[in-house]
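Peer 1: Take this structure, written in structure tokens, and hold onto it; I'll ask about it next.
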Amino acid sequence: LPTKRKKGSTDEEEDPKLEFEAKYVELNPLGEGGCGSVFNGYRKSDKLLVAIKHIPNENIYCTHFDESGRELSVEVAVMLKLQSGTSNSVGSKAPITLLDWYVLPHELILVLERPMPASDLLSYIERHGGSLKESEAKIILKQLVEAAIHLQNEKIFHRDIKLENILIEMCSGTPRVRIIDFGLSCFTETNSNHNTFYGTECHVPPEWLFRYKYSAGPTTVWQLGIVLFECLHKKNFNSSSFIRKKIKINNRLSKDCKDFFKQCFTRDPKERPSLEQIHLHPCIIKQNNIDVENFIASCVPATIKLL
């Protein structure tokens, strides 16, 4: 990666580290993962809360050349693509907003929107005894499917949709899903085959287990099934165990919900429904009425994970 500052720079002599420190204040750590570390912070000009992600260069697996010839990390390129063609207002779409990025000699710094109050979905589920009511899970599921369709339309494959990479934002009248951590994402066509797996190993689709190939659309549908499973069951999902029938779907769930699992977990990716098809599934379009205000009140703000 070139050691120049972020977007819009005209002065190549500027020190990106000094520029970052002039604009933002970095505070306490929020979390650490395989790709880097995330810190709490704020923008000096207006005290806007931000999350600051430090990614060592050795953890930047892929780069992408944009139309102007700039070499960007794929994470930056993907987030810029998702923000293009909009008013650029912070938080206008499900994917988290990239505010700034700084390329340093040994690391990449991303400054990201930090919705508040919000909780990652894993923390939310844990605070509610390890599982959600089916009606609550469907609110989240519908938005996730719509967010996944948006990514697909932009030819973006997240590759690691899971509880830890989903935020539930509670600053509006209804719970809102936000997608985070595009560090493993890539640009792709829906059915283009990938021969190297990036993501959570226990969530691999069966086509990878048996043929070492997978594609964006069918894999994302499989992952959405996993998210719903972990919302409704007090256990973690493991693709290999599920295929060997060591993990069972709760038989007390509604008929529509069980059929949704059946569709998402279709072993043959060619037979697995598309994102557009599961968006029309009764499990989503026939949501039961719930008390949204009680749902919001139950969401206590928690530490946001952005790794």
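A Cβ is built for glycine as well, from the same backbone N, Cα and C atoms used for every other residue.
Note that the structure is predicted; figures quoted are calculated from it, not measured.
Pulled these features from TrEMBL for this protein:
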- 24-284: domain 'Protein kinase' (DOMAIN)
- Leu30, Gly31, Glu32, Gly33, Gly34, Cys35, Gly36, Ser37, Val38, Lys53, Glu113, Asp120: ATP binding site (BINDING)
- Asp160: active site, proton acceptor (ACT_SITE)
Peer 1: Please give me the CB contact count at 10 A for Glu32 (ATP binding site), counting all chains in the structure.
Peer 2: 13
Peer 1: Any idea what the Cα distance is from Leu30 (ATP binding site) over to Asp160 (active site, proton acceptor), rounded to a whole Å?
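Peer 2: Distance (Cα to Cα, whole Å): 20 Å.
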Peer 1: Looking only at the domain 'Protein kinase' (24-284), what is the model's average confidence as pLDDT?
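Peer 2: Mean pLDDT for the domain 'Protein kinase' (24-284): 94.
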Peer 1: How long is the line from the C-alpha of Gly36 (ATP binding site) to the C-alpha of Asp160 (active site, proton acceptor), rounded to the nearest angstrom?
Peer 2: 16
Peer 1: Measuring Cα to Cα, how many Å separate Glu32 (ATP binding site) from the residue listed as 'active site, proton acceptor'?
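Peer 2: That separation, Cα to Cα, works out to 17 Å.
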Peer 1: To the nearest whole angstrom, what is the C-alpha distance linking Val38 (ATP binding site) and the residue listed as 'active site, proton acceptor'?
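Peer 2: Distance between the two Cα atoms comes out at 18 Å.
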Peer 1: Where Glu113 (ATP binding site) and Asp160 (active site, proton acceptor) are concerned, what is their Cα separation in Å, rounded?
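Peer 2: About 20 Å separates the two Cα atoms.
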Peer 1: Over all shown protein chains, what is the count of other CB atoms within 10 A of the CB belonging to Glu113 (ATP binding site)?
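Peer 2: For Glu113 (ATP binding site), the 10 Å Cβ neighbour count is 19.
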Peer 1: Within 10 Å of the Cβ of Gly36 (ATP binding site), how many other Cβ atoms can be counted across all chains shown?
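Peer 2: Step by step: centre on the Cβ of Gly36 (ATP binding site), count other Cβ atoms within 10 Å, giving 20.
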Peer 1: When DSSP states are folded down to helix, strand and coil, where does the residue listed as 'active site, proton acceptor' land?
Peer 2: coil
